[in-house]
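A quick write-up on the structure given underneath.
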């Protein structure tokens, strides 16, 4: 039995080396747990980091923006403003619609927020208009979040009113019940109704008014309790023909008698089956349709929600007539799956490249198999922990695993290389494994914990960016930790069983040639290192220059927030002159649709015109452009957008604003372009003065493009200026005037038709076909106190004025949003700085405040914390290394490698034309953890040589550099090749992955070249500093 020296006991690895069966079974258990975890993990585009968001919609047909603001929005806002945990409240009040978006703190559960919203709505009920057709309705959805699925329902044989009725009752309700669905909206406005169009001349000739008609209809159509009869032996329920169901029944309704003869509704009005709101329309491509948009709840998994919808659709469509066709126009999960699949492929490529580089260096199949087992085992085992932490398989976690490929192989390489060295010296494999693993154990622990220390600050990042990268950091840390365990257990055990002197010495022609090549490289490195050590101050100046260059590059490199992704869907806003009518806007929309559908990259188009919960005014339209899959089109989304805008510019009288949909949605409202900047004031007058001035200035900036604001104060208003004294003499109140106008022009919902499946409305309005425009006001008649009929024109004058088409609030104060994009040659950082400089030149009054919103605000926050994040990572690593080495000096030597990584990463981003965004910054932080391993391996062996062999510091560090040159080169190339697939990524979602790969590859290349020379020099300089300090202390003690 061989007696091993104490130094060769194997340390923590001994138990696993000596018990191969137990070690193998333990690793099999990790593998099985990881496989089970992988199958159980949900799939998503990004980690679920949505703010809890609730949208409250109140519809009041016929109400002006001013009435909606004062009568509906303001009372609700006052109640919502008292809720705890509310982060931001924004509202939009337009003609007939109030939309309030409530964004809560990340820490507040959505269900709790829902309860608070419902309580606030209940408290505001008594403050809202008594004739509000429906109470406020809330949905757990972020309106700025694009729908996860868009469906178009069309029919060649049925009217759209019947189609919408069937979709609403048979399809939309069922989809709404699916877990994860936050809101199902039907765009197209074809809800069935009975429309009563009064003939103003006919009722005037008969001495009637619209109020007489309204009262007659509401009194004739009721549906209330009537009681029952309870006799000695039988109980009888009472019922009556109090409901009118069809247009024909309403035509026959008697509304008055004159000279004993009945006047029926059909005599004074056109009564027909129609749509509840005739100023709404939706189209799928060029065909009128009911468009169904499905939005998810904040925090819901998009893939599982879409899968549930897909599974239910065949069953739902079977319940519809054959002539009704349901088409899935867009499904965001298609691109998400493609992006995740591409990332998984890049992960497999990284593993293959890493194994290839191992074989290139070790030139031995058994030695290659060992890390070839360790790498996938470490990665697969990570899935088990991810399930326990409620993570998902998404682009960021897969990117973490791809990067981890280069990390986790480091530990195995270091162990194998050290054990192989002892076997080549003649040691038995078992003894070599015990000795090599024991010797390298501390290095593995140092590498692991110092690398994890770099990730710790990521866990404490605040707000949504911190939530976003928490899964990334923890996934990477778990993979690194499992890798360390595998490298100290399975790897030395396999080395003891699979490696031998014969296998290591067995060489073919390739092995001999590559060995000679490596020997020449090491010899050349040794000669270069000797020269460098003879000129330490020159080398130190190079190191300081890299630090200075890093700072300069950091200042001047273009900065961004989050890469703009190509998800194959473009959201658009079409803007026409502010006085445009529904019919005019619908015509313009069809012209634009024709142009867009001619583009070869466009697959389908949905568009919507009218005022509802998403569209604020009649002069705007919403579009969703669905592009062909990436492999079926030649251009990326930004080029398609530029091409479409150029084509639509030829359509007169419209402006088209386009932006690609993104997986990360921070905004709370649908804006015209990608980025937002707000002006908030205490009054609308202040905004009307300063918004046009600021917009004009911003439109002149070269750093901005597509600058526009949602401030529209030139909407035409017919102001009815009532002579109150004259009206009072006639016994006419302002309520009478409002009612008469509402009856005539408000599409007033005056009664409800109840059926077993749904409820439908009776809509009252004037027939204005023969009296268009302001002339229609001359037909209004009111009833005086003596029963006479009085023309409105006798007590009022009509004035044409201008007023806002919508009134927006942010946290209860008036606000306007300025939207903008950037040209290709400018970054978000350039745009933000230009806006801030322009704002200063305007000298805005103190009652106007400005703030960036959405992703621009998040960019500012992330940019402000980035430097502190990097400093925190460096400090955390210094603390860990100081504890491990029991030294204040050696951690500084190790950390001196960091500027070289920064220079390499920033130069690579600059050359590639990539911005320094959040993804790239994460790459730089990871580089901090990677590049210091070169110094750790050098310093560990140098300290051991000084301590055990009595070498001088210069000889020790020189020998350590030559001994560790091969594993340093091997591990660096492994990390580089692990990041290379990300850098070369071209598939779906490549925009998200590429900055990480570019930064890491650039940083690794530069740091590999420089740290091999700068680290030994800095090690010796600090060693001399330590000796000088000790001698100074010793001299002071002697003198004392």
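Placement of Cβ uses the backbone N, Cα and C atoms for every residue, glycine included.
Given the structure is predicted, the values throughout are model-derived calculations rather than measurements.
Residues 10, 377, 379-384, 387, 430, 433-434, 437, 482, 486, 488-490, 492-493, 496-497 of the same chain, all 6+ positions outside the transmembrane segment (16-36), place their C-beta atoms under 8 angstroms from a C-beta of that stretch. The transmembrane segment feature in Swiss-Prot is assigned to 16-36 (among others).
Per Swiss-Prot, transmembrane segment is recorded for 347-367 (among others).
Remote same-chain partners of the transmembrane segment (369-389), defined as residues 6 or more beyond its termini with a Cβ less than 8 Å from a stretch Cβ, comprise 27, 30-31, 33-38, 40-41, 347, 351, 354-355, 358, 397, 401, 404-405, 408-409, 411-413, 416, 471, 474-475, 478-479, 482-483, 486-487, 490-491, 494-495, 498. The feature transmembrane segment is assigned by Swiss-Prot to 369-389 (among others).
The transmembrane segment annotation in Swiss-Prot covers 396-416 (among others) and is backed by sequence analysis.
Per Swiss-Prot, transmembrane segment is recorded for 440-460 (among others).
What Swiss-Prot lists as transmembrane segment is 472-492 (among others), and the listing cites sequence analysis. With a threshold of 8 Å between CB atoms, the same-chain residues lying at least 6 positions outside the transmembrane segment (472-492) that come near it are 10, 12-13, 16-17, 23-24, 26-27, 30, 47, 370-371, 373-375, 377-379, 381-382, 385-386, 389, 391, 396-397, 399-401, 403-404, 407-412, 414-416, 419, 433-434, 436-437, 441, 444-445, 447-448, 451-452, 455, 458-459, 922, 926.
The transmembrane segment feature in Swiss-Prot is assigned to 537-557 (among others).
Nonlocal intrachain contacts for the transmembrane segment (863-883), taken as residues 6+ away from its ends with a CB within less than 8 angstroms of a stretch CB, comprise 446, 449-450, 453-458, 460-462, 559, 829, 890-892, 894-895, 898, 921, 924-925, 928-929, 932, 936. The feature transmembrane segment is assigned by Swiss-Prot to 863-883 (among others).
According to Swiss-Prot, the feature transmembrane segment maps to 888-908 (among others). Taking Cβ pairs closer than 8 Å, the transmembrane segment (888-908) reaches residues 450, 543, 546-547, 549-550, 553-554, 557, 874, 877-878, 881-882, 916, 920, 923-924, 927-928, 930-932, 934-936, 939, 943, 998-1007, 1010-1011, 1014-1015, 1018-1019, 1022-1023, 1025-1026 in its own chain, all 6 or more past its ends.
With a cut-off of 8 Å between Cβ atoms, the residues of this chain six or more beyond the transmembrane segment (911-931) that come close are 403, 406-407, 450-451, 453-455, 457-458, 465, 468-469, 472, 476, 554, 557-563, 827-829, 862, 866, 869-870, 873-874, 877, 897-898, 900-902, 904-905, 972, 975, 979, 992-1000, 1002-1004, 1007, 1011. According to Swiss-Prot, the transmembrane segment annotation covers 911-931 (among others), on the basis of sequence analysis.
Taken from Swiss-Prot, the feature transmembrane segment covers 968-988 (among others). Listed as Cβ neighbours of the transmembrane segment (968-988) (distance under 8 Å, sequence separation of 6 or more from its ends, same chain) are residues 335, 338-339, 342, 345-347, 349-350, 353-354, 356-358, 361, 399, 402-407, 409-410, 413-414, 417, 566-568, 630, 923, 930, 933-934, 937-938, 994, 996-998, 1000-1001, 1004-1005, 1007-1008, 1012.
The feature transmembrane segment is assigned by Swiss-Prot to 998-1018 (among others).
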- line: In the same chain, residues at least 6 away from the ends of the transmembrane segment (537-557) whose Cβ sits under 8 Å of its Cβ atoms read 896, 899-900, 902-903, 906-907, 909-910, 915-916, 1010, 1013-1014, 1017-1018, 1021
